[in-house]
Amino acid sequence: MDQLASLAESVAMEEDSEKQSIKGESSLEPDSTPSSPKITARWNPSEACRPLVDDAPIFYPTNEDFDDPLGYIEKLRSKAESYGICRIVPPVAWRPPCPLKEKKIWENSKFPTRIQFIDLLQNREPIKKSTKTKKRKRRRISKIGYTRRKRDSGCDTASSGSSDSEGKFGFQTGPDFTLEEFQKYDEYFKECYFQSEDHPGSKASENKKFKPKVKDLEGEYWRIVEQATDEVEVYYGADLETKKFGSGFPKYKPGYPISEADQYSQCGWNLNNLSRLPGSVLAFESCDISGVIVPWLYVGMCFSTFCWHVEDHHLYSMNYLHTGDPKVWYGIPGNHAESFENVMKKRLPDLFEEQPDLLHQLVTQLSPRILKEEGVPVYRAVQRSGEFILTFPKAYHSGFNCGFNCAEAVNVAPVDWLVHGQNAVEGYSKQRRKSSLSHDKLLLGAAMEATYCLWELSLSKKKTPVIARWKRVCSEDGLLTKAVKKRVQMEEERLNHLQDGFSLRKMEGDFDNKRERECFLCFYDLHMSASSCKCSPNRFACLIHAKDLCSCESKDRYILIRHTLDELWALVRALEGDLDAIDLWASKCRDQYPSQHPRAREYAYLKSAPCIKSRGSSKVQQREQNNLQLVSERLQSDLTSNKEVQLKQDGDSDVNRHGHESERNHVHGITDKSAVTDVKLGVGGKFDEKKISVESQNPHSVSDVGCSELAKKVDGCLGGKDQNAATNRLSLSVELLSSGSLVVKKLWCSKQAIYPKGFKSRVKFLSVLDPTNLTNYISEVLDAGLLGPLFRVSVEDYPTENFSNVSAEKCWQMVTQRLKLEIIKKCDQPVSSLTSLQPLESINGLEMFGFLSPHVIKVVEALDPKHQLEEYWNQKAVKLFGAEPIKEGEKDDTEKGGASDPSLDRDTRLLRGLLKKATPEELVMMHGLLCGETRNTELKEELSTLVDKMEISP
């Protein structure tokens with residue numbers, strides 16, 4: 001006890017020193033100044049105010065359930081969302097080690113605290129009113145250093161109340177502690193508070209120690225909040241950045257021997273991983289936002305409080321209690337959030353009149369008893385060490401700690417959050433409140449990822465866990481589809497509402513990469529669109545406040561758009577399952593955002609229960625991930641051109657069906673020096689997006705020496721700039737590895753070729769890993785079920801580098817597109833300026849597979865001796881005889897009396913007329929007879945008899 005009292009005395013002396021410095025700046029005089037720690041308040045069990053509320057649900061996931069954190073959240077949402085919060089108890093085997101307990105951290109690392117005045121959380125006077133009072137009942141009121149909570153720094157001390165306009169009730173900065181010291185101080189506090197017969201400085205007998213139960217602590221806590229008779233001050237280590245202090249979960253250390261901690265470091269329930277798991281849209285936020293994506297640590301003591309609040313952007317939150325005493329939570333269902341806010345304003349009118357955003361400050365409590373009286377449902381959860389608490393979107397929650405403990409929390413955003421997040425940012429705009437992240441960036445990132453997964457699924461029919469998750473939120477009724485459609489409708493309405501005075505420009509790809517772009521008036525995020533003017537090119541407005549930006553003439557004002565409305569509606573159709581739209585946006589994912597599609601990011605699909613090591617990427621996959629990350633920045637600059645480019649419509653067939661066309665014509669952005677075609681509103685007050693055009697101000701330099709050398713090497717590989725020579729040389733090098741087997745169904749042939757199942761060939765071509773060298777590619781035909789044949793091209797030495805499509809031509813287009821990306825990485829100039837790459841544009845996929853090579857054709861045709869694939873053989877007959885068969889109802893030239901070609905001799909003209917009258921089947925049979933290919937002996941005998949009769953006839 002002496003040791004605890006000594007520690008408390010040193011803490012109080014430090015606190016007193018800080019308060020004395022505040023006193024000198026304050027206009028109010030304290031009644032007394034303590035020279036020793038005084039915890040004068042005592043437990044009063046007879047006046048306990050424990051609220052009568054129902055308990056929130058508790059869930060006990062099985063090991064299988066625990067494998068997929070987001071899947072489990074999705075599973076329990078329907079059962080728990082109506083409570084606002086729930087408790088999750090992990091399987092018994094899941095017990096991650098806590099690095100915070102290591103001696104170097106536990107005894108040596110210090111963290112800052114805040115002083116909380118528990119008796120003032122609900123019952124206090126407004127700041128302005130309290131500063132006018134000359135005499136205070138409580139000595140400390142004059143010493144409160146008013147603070148403002150910031151997500152970035154946690155606690156930012158203001159000017160100690162010297163200015164009424166600046167002072168806001170909050171948490172005063174307290175002393176720094178180590179975890180060991182804080183635990184001892186909490187023990188001292190509880191011994192003093194709950195054992196009134198002992199003086200704080202005397203020894204307490206072990207048999208007299210009393211450990212209050214949770215219900216005792218809860219009753220006393222709300223007595224202090226509702227009807228305090230004494231001053232109760234505690235400390236709270238809140239909002240501690242884990243990047244600085246350290247996380248309570250182990251982190252993976254590459255290069256070190258694998259241990260038990262490493263298994264937990266890669267677990268999905270490790271809060272360092274949770275926010276960016278596959279399926280959480282926060283995965284598309286590239287910045288490590290402290291408190292949202294990077295967890296915060298919370299070190300509590302008895303009665304330390306987290307006041308009523310809702311998560312930023314109405315996100316889900318997950319809290320894990322690493323060690324220590326329980327934490328009592330209270331939750332309100334999200335659909336009662338507005339009712340809760342109204343009750344708070346009704347019961348605390350003076351505080352809200354002075355500070356309308358009071359609920360954003362996390363400094364005010366209101367008893368669950370009062371809330372229930374007003375008809376607001378409240379639920380309780382008691383979290384113990386090793387357990388999780390999940391809060392749902394827009395669910396207000398609060399609580400207090402029963403003693404010393406360490407907890408960690410982070411946000412997560414499954415797809416069902418998107419509708420809540422959209423409502424949040426629209427509300428922030430009306431309140432003119434800054435946001436923590438870009439909702440539109442997350443929405444578009446999720447939509448593009450889902451589209452790419454749909455594209456992969458349409459080709460391979462393989463449902464990986466990631467693809468299956470995105471597939472579930474698509475279709476017309478899918479959660480993601482609905483969220484994107486709603487946002488596109490909003491964007492269209494806002495564009496159409498701007499009736500005059502604005503031209504449209506294409507937004508730069510990196511418009512908001514290096515700095516946040518927000519509306520000058522309401523702070524709305526401007527990732528999707530922004531309004532500006534030549535008079536203030538670095539000042540922007542949202543579409544709602546576009547007309548409030550300035551009063552300049554219409555010719556000087558413009559709107560920047562990241563995607564046209566046609567493109568956005570195509571994205572909606574893609575999510576609904578339209579194959580053409582899927583193809584278009586999958587191409588955009590590959591070409592425009594190569595660092596964002598799944599193949600580049602290569603998820604580590606995290607497991608647990610207990611944590612299973614995540615699947616590692618091969619060296620090739622890791623190299624591809626790193627390379628594409630570097631290429632993406634270069635790609636953004638390459639896709640611009642120094643000439644004006646007309647943006648193609650979504651409906652254009654060449655854009656829909658060929659990714660390379662959208663790559664050539666896409667423009668990432670402009671600045672104020674760009675030439676812009678003004679686009680006025682058309683009939684009905686709508687923008688005519690067909691007229692949007694832009695001109696880049698950054699023409700690329702072609703002076704790079706390394707690029708020149710690369711061009712020479714590429715020329716050498718392709719056989720020079722002669723396109724025909726290059727492709728001819730490549731076609732001759734096709735090696736047939738397997739002819740496969742015939743499939744007599746639609747789609748398994750075309751007019752140009754037969755596609756045997758299991759067909760496999762080898763060809764040399766520029767390497768997608770190193771374009772300066774040739775490598776072997778394996779081309780094969782697989783069975784994709786109802787889709788028919790699936791064409792796949794893979795690098796022979798690195799099979800994980802593969803490209804698949806339902807079209808042989810497009811399959812090789814994907815290879816050439818990848819080649820362009822690799823060349824961009826090595827060459828600092830546009831692909832369009834590399835004339836040596838022109839042969840890439842003429843590469844024929846059928847030829848690269850070998851389907852146009854004579855030796856391959858002969859082998860493949862032998863698989864169909866009966867000519868069952870009529871589409872192919874009919875076209876072949878036409879080519880052989882040089883005449884189209886006469887369609888039913890048509891007449892040939894001779895019947896019409898048309899003149900015959902005089903250059904042909906009489907016999908040829910007669911033969912051509914005869915052949916035109918034949919059906920395709922008859923032509924094929926005749927060809928077989930004349931060439932000796934038919935095996936039908938009866939037909940051969942009939943033909944011989946016919947010839948004999950013709951010779952006998954006069």
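For all residues, glycine too, the Cβ spot is worked out from N, Cα and C.
Per Swiss-Prot, Zn(2+) 1 binding site is recorded for Cys519, Cys522, Cys542, His545. With a cut-off of 8 Å between CB atoms and residues at least 6 apart in sequence, the same chain places Cys519, Phe520, Leu521, Cys522, Tyr524, Ser531 near His545 (Zn(2+) 1 binding site), listed in sequence order. Taken residue by residue with DSSP, His545 (Zn(2+) 1 binding site) is part of neither helix nor strand, so it is coil.
Beyond its flanks by at least six residues, the domain 'JmjN' (56-97) meets 249-250, 260-261, 264, 267-270, 274, 277-280, 316, 329-335, 379-383, 386-392, 395-397, 412, 414, 416, 465, 469, 606-612 of its own chain at Cβ-Cβ distances under 8 Å. Here Swiss-Prot flags 56-97 as domain 'JmjN'.
According to DSSP, the domain 'FYR N-terminal' (726-784) comprises 7 helix, 25 strand, 27 coil. Residues or ranges marked as domain 'FYR N-terminal' in Swiss-Prot: 726-784.
Annotation source Swiss-Prot lists domain 'FYR C-terminal' at 786-876.
For 1-46 (among others), the entry in Swiss-Prot reads region 'Disordered'.
As annotated by Swiss-Prot, region 'Disordered' applies to 148-170 (among others).
Residues annotated as region 'Disordered' in Swiss-Prot: 641-670 (among others).
Annotation comment: Swiss-Prot describes 884-905 (among others) as region 'Disordered'.
The motif 'Nuclear localization signal 1' annotation in Swiss-Prot covers 136-143, and the record cites sequence analysis as its basis.
Positions annotated as site 'Involved in histone H3A7 recognition' by Swiss-Prot, on the basis of experimental evidence: Phe171 (among others).
Annotation comment: Swiss-Prot describes Glu285 (among others) as site 'Involved in histone H3R2 recognition', evidence class experimental evidence. Secondary structure from DSSP puts Glu285 (site 'Involved in histone H3R2 recognition') in coil. Counted within 10 Å of its Cβ, the other Cβ atoms near Glu285 (site 'Involved in histone H3R2 recognition') come to 20, all protein chains included.
All chains included, 19 other C-beta atoms sit within 10 angstroms of the C-beta of Ser290 (site 'Involved in histone H3K4me3 recognition'). As annotated by Swiss-Prot, site 'Involved in histone H3K4me3 recognition' applies to Ser290 (among others), with the evidence given as experimental evidence.
Note: Tyr298 (site 'Involved in histone H3K4me3 recognition') has non-local neighbours Tyr236, Gly237, Ala238, Asp239, Leu240, Phe306, Cys406, Ala407, Glu408, Ala409, i.e. same-chain residues 6+ apart with C-beta under 8 A of its own C-beta. The site 'Involved in histone H3K4me3 recognition' feature in Swiss-Prot is assigned to Tyr298 (among others); the stated evidence is experimental evidence.
The site 'Involved in histone H3Q5 recognition' feature in Swiss-Prot is assigned to Asp312. Asp312 (site 'Involved in histone H3Q5 recognition') carries a helical DSSP state (H, G or I).
If you look up Swiss-Prot, you'll see Val363 (among others) marked as site 'Involved in histone H3A7 recognition'. The Cβ neighbour count for Val363 (site 'Involved in histone H3A7 recognition'), using a 10 Å radius and every protein chain shown, is 26.
Glu516 (site 'Involved in histone H3R2 recognition') falls outside any helix or strand according to DSSP and counts as coil. For Glu516 (among others), the entry in Swiss-Prot reads site 'Involved in histone H3R2 recognition', with the evidence type experimental evidence.
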Fewest-neighbour residue among recorded sites, criterion Cβ within 10 Å, set Asp312, Glu516: Glu516
Glu285 (site 'Involved in histone H3R2 recognition') and Glu516 (site 'Involved in histone H3R2 recognition'), distance between Cα atoms, whole Å: 12
Of Cys522, Cys542 (the binding-site residues), the residue whose Cβ has the fewest other Cβ atoms within 10 Å: Cys522
Integer Cα-Cα distance in angstrom, Asp312 (site 'Involved in histone H3Q5 recognition') to Ser290 (site 'Involved in histone H3K4me3 recognition'): 12
Residues in the domain 'JmjN' (56-97) grouped by DSSP into helix, strand and remaining coil: 19 helix, 6 strand, 17 coil
Between Val363 (site 'Involved in histone H3A7 recognition') and Ser290 (site 'Involved in histone H3K4me3 recognition'), the C-alpha gap once rounded to whole angstrom: 20
Three-class DSSP secondary structure - Val363 (site 'Involved in histone H3A7 recognition'): coil
For Cys519 (Zn(2+) 1 binding site), the number of other Cβ atoms found within 10 Å of its own Cβ: 23
Taken over the domain 'FYR C-terminal' (786-876), the model's mean pLDDT: 81
Between Glu285 (site 'Involved in histone H3R2 recognition') and Cys542 (Zn(2+) 1 binding site): CA-CA distance (Å): 21
